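Trainee: Take this structure, written in structure tokens, and hold onto it; I'll ask about it next.
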Amino acid sequence: MSRIYEQIEKDVEKIIGQYDGDKNGEVTINEAIEFFKRMGSKYPEKCAIVLFKMYDLDNEGKISYDEIQEEIFKRYQDKVREDQIKQYFQDDIEAFLLRYDKNRDNRIDFKELEQCFESIGSDHPKENANHIFTEIDKNRDGYLTIAEIKNYCRNTIRSKPYYQS
């Protein structure tokens, strides 16, 4: 993990070096506009404004090495968290299929799901299975596929207030 952070630091130094016209370690809005002009941007002012909205964390009108590094680290950590969540659900889906896909066709039919609820002691296994099928079986073919389950989990996570992408 530390090699990744070292690479991010090197990349941030390159970024600052490209934008920082007077080489003082900070980038002003004018330096960013000049950089985008040199790069041939049709909209250098707009590009600079977007850059500053992303990285001028303290709204001082200049971007420092620390601000860029902090934002890149934050985005990297958010990506790692998202990848961990995806892996968690992938593992859960596979374990669910291994346990309840009795005929090993890589999908769950209504009866298999009903038996799943029975095995965990549900008082209303048929109603629970029906509810799940209504929510997840989007093509109404009578089977829950890995893709449908993943899609449902992904949409459910994104609708929660604690998840930010």
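Residue positions begin at 1 at the first shown residue.
Keep in mind that glycine also has a Cβ here, set from the backbone N, Cα and C atoms.
Swiss-Prot lists Asp20, Asp22, Asn24, Glu26, Glu31 with the feature Ca(2+) 1 binding site. The Ca(2+) 2 binding site annotation in Swiss-Prot covers Asp56, Asp58, Glu60, Lys62, Glu67, and the record cites sequence analysis as its basis. For Asp101, Asn103, Asp105, Arg107, Glu112, the entry in Swiss-Prot reads Ca(2+) 3 binding site, with the evidence type sequence analysis. The Ca(2+) 4 binding site annotation in Swiss-Prot covers Asp137, Asn139, Asp141, Tyr143, Glu148. Here Swiss-Prot flags 7-42 as domain 'EF-hand 1'. As annotated by Swiss-Prot, domain 'EF-hand 2' applies to 43-78. The annotation domain 'EF-hand 3' is assigned in Swiss-Prot to 88-123 on the grounds of sequence analysis. Feature annotation from Swiss-Prot assigns domain 'EF-hand 4' to 124-159.
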Trainee: Which bits of the chain, at least 6 residues beyond where the domain 'EF-hand 3' (88-123) starts or stops, bring a Cβ under 8 A of a Cβ in it?
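Mentor: Residues packing against the domain 'EF-hand 3' (88-123) from afar: 129-130, 132-133, 142-146, 149-150, 153-154, 157.
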Trainee: Where DSSP helix means H, G or I and strand means E or B, what are the helix, strand and coil counts for the domain 'EF-hand 1' (7-42)?
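Mentor: Breakdown, helix to coil: 23 helix, 3 strand, 10 coil.
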Trainee: According to DSSP, which of helix, strand or coil covers Asp137 (Ca(2+) 4 binding site)?
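Mentor: Looking at the DSSP assignment, Asp137 (Ca(2+) 4 binding site) belongs to neither helix nor strand, so coil.
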Trainee: Tell me the Cα distance separating Asp22 (Ca(2+) 1 binding site) from Arg107 (Ca(2+) 3 binding site), rounded to the nearest angstrom.
Mentor: 62
Trainee: Which of the binding-site residues Asp56, Asp137, Asn139, Tyr143 has its Cα nearest to the Cα of Asn103 (Ca(2+) 3 binding site)?
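Mentor: The answer is Tyr143.
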Trainee: For the domain 'EF-hand 2' (43-78), how many residues does DSSP put in helix, in strand and in coil?
Mentor: 26 helix, 3 strand, 7 coil
Trainee: Would you kindly give the Cα-Cα distance separating Asp137 (Ca(2+) 4 binding site) and Glu31 (Ca(2+) 1 binding site), rounded to the nearest Å?
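Mentor: Approximately 54 Å lies between the Cα of Glu31 (Ca(2+) 1 binding site) and that of Asp137 (Ca(2+) 4 binding site).
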Trainee: Could you tell me which three-state DSSP class Glu112 (Ca(2+) 3 binding site) falls into?
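Mentor: Once the DSSP labels are grouped into three classes, Glu112 (Ca(2+) 3 binding site) ends up as helix.
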Trainee: Taking helix as H, G and I and strand as E and B in DSSP, count the residues of the domain 'EF-hand 4' (124-159) in helix, strand and coil.
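Mentor: In the domain 'EF-hand 4' (124-159), the DSSP-based counts are 25 helix, 3 strand, 8 coil.
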Trainee: List, in sequence order, the residues of the same chain other than Asp56, Asp58, Glu60, Lys62, Glu67 whose Cβ lies within 8 Å of the centroid of the Cβ atoms of the recorded Ca(2+) 2 site.
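Mentor: Leaving out the recorded residues gives Glu26, Phe52, Tyr55, Leu57, Asn59, Gly61, Ile63, Ser64.
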